[in-house]
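Engineer: Okay, here's the structure, questions in a sec.
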Amino acid sequence: MLELSISEGRVTQFSFSGLACHRTSAVTCGSTLEGSYFETVTVPWSELAMTRTSTCIYHFFVLSWYIFLNCYISQQGEDRRKSKVFLNGGQWKYLTFLNLFLQALFYGVACLEDVLKRAKGKKDIKFITAFRDLLFTTLAFPISAFVFLSFWILFLYDRELVYPKALDGIFPVWLNHAMHTSILPFSLAEVILRPHCYPLKKKGLTLLAVASLAYVSRVLWIYSETGTWVYPVFAKLSPVGLAAFFSLSYIFSVGIYLFGEKLNHWKWGDTMQPRKKRK
């Protein structure tokens, strides 16, 4: 059996009891025990194993899906008619395709961690778990949510600004939804299935800012070299409008990051909050 000691909704201690198995470890993540009350919750080992197995299967399924999408889209570049979409910068000029690659990378790391934890019988593989959490919290979740929200807001307002109607004859409808719709439900399911330790806000927002600046720089570089914008909406804006658009986009992504942190806290409590340095 698995016994969990909970302090004000936070897991502070757990122990396994069963045949030849007993282990205790503290998990505080910056929380204190002062003025706390304790409650013991007993969880059958079979339920814990089932949860881990389900999560492992889910990660493998989503990884396979994203690998399929990346391979399928890459093959479209060989079609002369479809390859025109990838002129002046290739498929990697689009944030949509960069996000698909990022999601495949994240779920690949998640699957690797699942396999290693089962093979070594450990609760966490420190380096891989830390990298998995950093990748998801600062990039995978914010960017997938940003792509979903920004695409459909612009699409519903005027689809010619982001996904011209002519593309319907090039890319099937299911692919459009695979690239721009299903990405958010997958990320939300990841939040629900497994807790993620968020870094300190300064570190997390800095990494997000670096990624945003890198993409904006690439968009501007492509325009300076080819004279064409990655997305039609940019051609409608003045230099001042572009600066405002990019600034608001970053602010929007910061809001998504903070929402993801709150969502993780709502689901999992303080157990996965960043540890603050004590003076």
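Here the Cβ of each residue, glycine as well, is placed from N, Cα and C on the backbone.
Not my notes, these are from TrEMBL:
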- 56-75: transmembrane segment (TRANSMEM)
- 95-113: transmembrane segment (TRANSMEM)
- 134-154: transmembrane segment (TRANSMEM)
- 174-193: transmembrane segment (TRANSMEM)
- 205-223: transmembrane segment (TRANSMEM)
- 243-260: transmembrane segment (TRANSMEM)
Engineer: Between the stretches 95-113, 134-154, 174-193, which one has more Cβ pairs under 8 Å with the transmembrane segment (243-260) than any other?
Structural biologist: 134-154
Engineer: Take the transmembrane segment (134-154) and find every residue of the same chain, 6 or more past its ends, with a Cβ under 8 Å from one of its Cβ atoms.
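Structural biologist: Distant contacts of the transmembrane segment (134-154): 95-96, 98-99, 102-103, 105-106, 109, 161-163, 180-181, 183-184, 186-187, 190-191, 196-199, 204, 207-208, 211, 233, 249, 252-253, 256-257, 259-261, 264.
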